[in-house]
């Protein structure tokens with residue numbers, strides 16, 4: 001049985017390792033800074049799923065002043081979610097999102113936003129399964145100034 005609870009300092013190493021799986025190519029030291037800031041900030045709830053004392057997934061959220069596609073402001077925002085392959089399609093993702101949603105409701109938020117890369121159809125399907133509805137799509141542009 002998976003237990004969902006707030007992440008804490010003693011979860012740092014396992015949490016950092018899973019963040020590297022979710023966001024490969026990032027610098028581990030930056031994740032340590034992020035984790036320190038999230039643990040200290042009441043507006044950045046982080047929840048983990050644990051089985052037998054082992055972290056098998058996590059979700060991070062924040063409060064954003066504005067959320068694209070949302071009707072209210074400020075808005076609770078699901079920043080990232082990771083579930084170990086061995087625990088996917090078993091309800092852990094839903095449980096983590098529900099924990100964030102409960103946190104948001106307790107603070108008076110009426111909606112929660114999230115985003116996913118346009119090519120990440122697995123994430124799109126997961127979000128739909130967690131009760132999110134697609135509100136818009138954007139394409140980002142860049143122009144180098146040389």
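Indices start at 1 and increase along the chain as displayed.
Placement of Cβ uses the backbone N, Cα and C atoms for every residue, glycine included.
Just so you know, TrEMBL annotations never went through curation; they're auto-generated.
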Original post:
Out of 9, 54, 79, which is the one TrEMBL records at the substrate site of 23, 26, 66, 115, 136?
Top reply: 79
**OP:** Sorry to bug you, but what's the C-alpha spacing from residue 90 (acetyl-CoA binding site) to residue 136 (substrate binding site), rounded to the closest Å?
**Re:** 28
Original post:
Per DSSP, what is the residue count of the domain 'N-acetyltransferase' (2-146) in each of helix, strand and coil?
Top reply: 54 helix, 33 strand, 58 coil
